[in-house]
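Notes to accompany the following structure.
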Amino acid sequence: MASRRLLLLCLAGLVLVTEAGPTGTGQSKCPLMVKVLDAVQGSPAVNVAVRVFKKAADETWEPFASGKTSEFGELHGLTTDEKFVEGIIKVELDTKTYWKALGISPFHEYVEVVFHANDSGKRRYTIAALLSPYSYSTTALVSDPKE
């Protein structure tokens, strides 16, 4: 029970840190941002490969965007407001490669977060993940765009 409370506290802190974020990064104009933390090291998860897909009319997943997390465990600039229209989005984090690079054999191959974007009008999405080799937790911060 105590470990669950600690995990929830960490995730809440992650969202607050993400919202506060460094100034001057342009994140307020970014409609989709990913933030990843390493729960083992207690630090940002650097160089995690992220792939974003959009569900097509034929129910297949079309590649939409990709990148790697920064030294802050963040990935900005995946898309623009013009391109990020309503639809089903899948964000995939390559956790296996991340852990293998640290010499750790993980349980999960990757983390997937699937959600309906912009179904209630334009929004900003921050997908946050807290990783360990045998578990992960995700949360999302959805907000109205700031002009």
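Just so it is clear, glycine is given a Cβ too, placed from its N, Cα and C backbone atoms.
Given the structure is predicted, the values throughout are model-derived calculations rather than measurements.
Residues LYS35, SER137 are given by Swiss-Prot as L-thyroxine binders; from GLU71, GLU74, GLU92, that same site also lists GLU74. In the three-state DSSP assignment, the secondary structure recorded for SER137 (L-thyroxine binding site) is strand. Counting in whole angstrom, GLU62 (4-carboxyglutamate) lies 23 from GLU74 (L-thyroxine binding site) by their C-alpha atoms.
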